[in-house]
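Data first, discussion second: the structure below is written as structure tokens.
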């Protein structure tokens, strides 16, 4: 068969990195990214982009660890290159603090991040309301620079990108051999996934260049994440809330909570409020499916539902999705060569 045509639907961090992995795994493919929104208007643009994994109850821990490790290794290599600044990727050290000692003192990812250890008594004095903590160095992706860097990489490999609202994946069957669904929260409508639900996240992006260390409350609700140009303060986790309008009361609450962890933030300037809907489900949907109508078939690979943890595992799940695309193409090539016989 001629060069297989693959469409990736969605241009957030999952869609773009999946498209990039497909070009690496299946270099003979022609890849196109279709999305109604590109950076800076995607959910990924709101994300803090910190590599601290979120746990998916429906996915085996060893699989989640593999996804995280592949992502960390990939981004660590970029952070160690001349492209680090353009890609918006940097190492950041800091603390995860707890009011009570957690049951799990060593999270599954503790040996992937750098220098993971319990905090010393002297360090804990900075957080008088907390009695236990962990110190480590991890990576942070700044958005939109990282998405723009991914787009640039894709264009350099010949990937086409079009602004297009896809309302039914079957509509693509006459143009593409394989479709990859990275539509995030859009999959709720696009494929009618009732297991997918939004978790509304409101964050503040502030100018506070003196803040160099990340601080994360152990429940993951309150956090201070310094980026290259701005510090992200969060946050909220509002399940099944679809509202994208910033709430002033929530803004004040986030600011107060973050100032209780880092009092110097009282002097933060130029506060911008962002809201995003994290596409959440019990497990990431990462699987193949074959759509069929009237004797015609369309192989589809799903890669969505990463919730709050998309940045931490994006490269690992993208590699897995690309492998599934390669299997779909191999099956198509097998059936076309059988048809010739």
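Here the Cβ of each residue, glycine as well, is placed from N, Cα and C on the backbone.
Residues or ranges marked as FAD binding site in TrEMBL: 43, 44, 166. In the structure as shown, the Cβ atom of residue 166 (FAD binding site) sits within 10 Å of 19 other Cβ atoms.
According to TrEMBL, the D-dopa binding site annotation covers 223, 278.
Annotation comment: TrEMBL describes 5-324 as domain 'FAD dependent oxidoreductase'. In the predicted model, the domain 'FAD dependent oxidoreductase' (5-324) shows an average pLDDT of 96.
The signal peptide feature in TrEMBL is assigned to 1-19.
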> Which whole-number value in Å describes the distance between the Cα atoms of residue 223 (D-dopa binding site) and residue 43 (FAD binding site)?
Replying inline: 19
> What's the CA to CA span in angstrom from residue 44 (FAD binding site) over to residue 278 (D-dopa binding site)?
Replying inline: 9
> The record names 43, 44, 166 as the residues that bind FAD; what is their largest Cα to Cα distance in Å?
Replying inline: 19
> List, in sequence order, the same-chain residues at least six positions removed whose CB sits under 8 Å from that of residue 278 (D-dopa binding site)?
Replying inline: 43, 185, 198, 199, 200, 201, 306, 307, 308, 310
